[in-house]
Amino acid sequence: MIHAWAIKRALCIFILINCVLKLERSLKVTWKSKRGFHTPVDGANGCEREWKRRGVFFSIRRGSNRKAARLRKAFRGVGTGGRPLFRGGKFIPLFLLRDCQRSGLNENQYKLTGRRCSSRLEVAPRRGNGLPFERRSGGAIGATGQLEDGGPDGGSPPGVQANTSRRSHSSGCSSSGSDGGGAPEHPQQNVRNFCILAHIDSGKSTLADRFLELTKTIKKKKMQDQFLDMMSLEREKGITIKLKAVRMNYQNYIFNLIDTPGHFDFYHEVKRSLSVCEGAILLIDGSKGIQSQTLNIFLELQKHNLKIIPVINKIDLNVCRLDEIETDLLSKFHFMKKDILHISAKYAQGVESLFQRIVSDIPCPAIKSNAFFRAIVFDSFYDQYKGVILIIKVLNGVLTKKTEVFFIQSEKTSIIQEVGYLTPDMKPTESIRQGDIAYVSCNMRKCDDVQISETIVSRDIVKMNAHRKLVVDLDRLGGERTGEAHTNVTRCGVESLRGAAPPVEMHTEREIHLEQMAASKVDVSYPVVFCNIYSVSDKQANELEAALNKLKLNDASFSFKPDVCETLGKGFKCGFNGLLHLNIIQERIKREYGVETIVTAPSVNYLVRVKERGIDKQLRERLVDARFDIAHVNVAAGGSGDGRADGSADGSADGSADGSGDSSAHGSSDRRGAGCARGSDDIIGNNPPEGLYYMTSNVNDIPQKNYVQGIYEPYVRTSIVTPEEYQKHIMAECFQRRGIFIKKENINSHVIFHFDMPLSEILINFLDQIKSCTKGYGSMSYESYITYRESDLHKINIYVNNRSIDSLSFLAHKLNYQEKGKRIVLKLKEMIKPHQFLVVIQAGVGTRIFASERINPIRKNVTAKCYGGDITRRRKLLEKQSAGKKKMFSIGKVKLPPNMFTKLFDLKAQ
């Protein structure tokens, strides 16, 4: 007896063979009430035939490597992932449905045997044999993915959720049902990109935790405090070091949150975050009020013209000064009282109302219709399996896997291997859309292939020729491509992302130079503090270089270049944003890469003016480079005033673009780019005196005093917030460090001082002194804008046994150079252990020694065995020992402790 299922199976195979032989073209799929599938397109060659629901339905999957298993599954129940292919005159049904009455189901419900299908039905063209372009656009195949209901009561079709006109509100993405395969469907008007900004210890990470909890981005069992602070150093120190991007779903909205650091050493992370956001949450500690970093953040937000949501945190504390802080915000920042939110991030109080404000106040990303793919890189890191991972913001278009892209700045081409979102772990997807913050992997293995602020465009739109690189303008295309997710059509004949591109008439022949397509550069801070890093063991020099390369990839403000020291061997001259930044880098090298390091004394960039006629040719060739331009450096006239020039450049000079260790924060270069320029009358801003200039952070590059006409040191605008009762202590400390008073502001019971301070004076322990004299209530921050002022500086040389230790040389002002030199000599005496020979430690300026200390040698009692005899025997032994000590003094080497520089210069992380 032949079973019914065998007959049905044979019938299915017969239908399949018959349909494959008559393969012609794909048509649209819809549901028809109470019946089955049919094709509504006219002229379908007999495809108006309807099939009863109790019939046998078969599923076809294209490109499958496991056809046998899927075939059996399709016969027995359902093939929910298959795509229906209708051919002229015949068609292949999609599902195998059982009799509703035999299954005991309600007649008004239609369910599948097997797992339930939750995705809409899609029909995709195959190998260019699709419908004409006009039919595929809008109401044709895959335009909206809309299905007519198939139930007797107008309900959803069997196994398919109700899908009513899911149009994408983002014309900039040209969204459609087929966007490359798997990107989540969401209107781009529902995307919100924002960051959380605040002074240190104001509760940014705690608020980010509440965001993750309330949006259910992280499961409760995996949740922990400071979840986004994934580095062990961040958890130990209780601070945020790196910006973190995370994607969250809130109702029908997509939140792209960027958690930023609060310490001013990592202010460059804040500036990069602002470049890719449309709004920001300004978080204020309810127990401390407005602090110094709050002022800098507010000014930076105004520069970027971002929407600001003021939020007062920690309202659950008894010491919260809510009314007082509100008054300060109204008077100082000119907020409206109704705009200020009160929350407790610890207990999630008021966070839901903050969500509503984010939705209503922060605008969605700018949308551009019919645009090609373009994105900007604002962060990156290294993965040992995938190589360099780029964190990008998509400015235009859609990006899918296996797409060829072009990097404008580096002029390199690569193929995208993986795209996805940060949730906060990497979650791959099929495509990313306009306005998204996502990651891409291009299988890059070299850390210097792509840099921060790089612009990525689709390779299809770049037309290369022998002389210049031009880009086809795609803003205007013939016809409306509303049904295409991203066709990427160019007049160069490049195929679309999905199938062959239909012929499209271009209404413009305008071509754009490639440089004009580059996005606005992300703010990247240049290092202001420099020091040398050496490995304790020479065998680890290569490992140290590899570690620095990977750290530079993850930290745009960090720079380094090779350097060699006679006493410490091969090393690297590195640039940082402050001593905390230096401390973090050193600790990460030790923990993540297992390399023990020695760090030299920190220094800053100095502008040196030398005598053009007096300097010899050899020294000129070593220091001078024509790439350096003094016009890019803001020099204060006469060493007074703030020296701020409207026309001075905010970027680095031409010579500092290589990321070398001696690059200044604003408009400088170093020994490699330490060039020269003559002061002239047409220099913008305050004109420096005429002469030969170069810039360096290496004190040993400064020649003898008879060659030098002047040394200029960097000054920065410093803001200090303190209670009124401590203001005299603050002013005394600032004047002691050669600060120039600018102005004072009063905010209720607090005072804000503005000083121009020498950068070298505030780097070492200045914040500790501020905290000490204000009993912990004071705070300090400084701007990255640098002004150079001429100062009476002296080069201090440290000698050990008549040998100059280059790594210990430093510059000091004439008011305190003797005090600093004597202090270093005394500390060296305490740190260096006694040797078999005499150790003499000296400090001097030029040929004049002004401080000296001696460490007596270890002596053996050579006369212990002399129990009598002539005195000449005893004297002979002592003279022989003394002669040996003198010989050892001339040829012996003093061992310096590896942690000498940290203790010597009191290098505490600010």
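Backbone N, Cα and C define each Cβ position, glycine as well.
The GTP binding site annotation in Swiss-Prot covers 198-205, 259-263, 313-316 and is backed by sequence analysis. Taken from Swiss-Prot, the feature compositional bias 'Low complexity' covers 646-667. Per Swiss-Prot, the feature domain 'tr-type G' maps to 189-366. The annotation region 'Disordered' is assigned in Swiss-Prot to 126-188, 639-683.
All features noted in Swiss-Prot, drawn onto the structure.
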{"residue": "ALA198", "record": "GTP binding site", "contacts (Cβ under 8 Å, 6+ apart)": "LYS204, GLY262, LEU282, LEU283, ILE284, ASP285, GLN293, THR294, ILE297, ASN313"}
{"residue": "ASP201", "record": "GTP binding site", "contacts (Cβ under 8 Å, 6+ apart)": "GLY238, GLY262, ASP285"}
{"residue": "THR260", "record": "GTP binding site", "contacts (Cβ under 8 Å, 6+ apart)": "CYS195, ILE196, LEU197, LYS204, THR240, LEU243, GLU269, VAL270, SER273"}
{"residue": "HIS263", "record": "GTP binding site", "contacts (Cβ under 8 Å, 6+ apart)": "ILE200, ILE239, LEU580"}
{"residue": "ILE315", "record": "GTP binding site", "contacts (Cβ under 8 Å, 6+ apart)": "GLY286, LEU322, HIS342, ILE343, SER344, GLN349, GLY350"}
Cβ packing number for LYS204 (GTP binding site), 10 Å threshold: 26
Local backbone state of LYS204 (GTP binding site), from DSSP in three classes: helix
PLDDT averaged over every residue in the domain 'tr-type G' (189-366): 89
Secondary structure at ALA198 (GTP binding site), reduced by DSSP to three states: strand
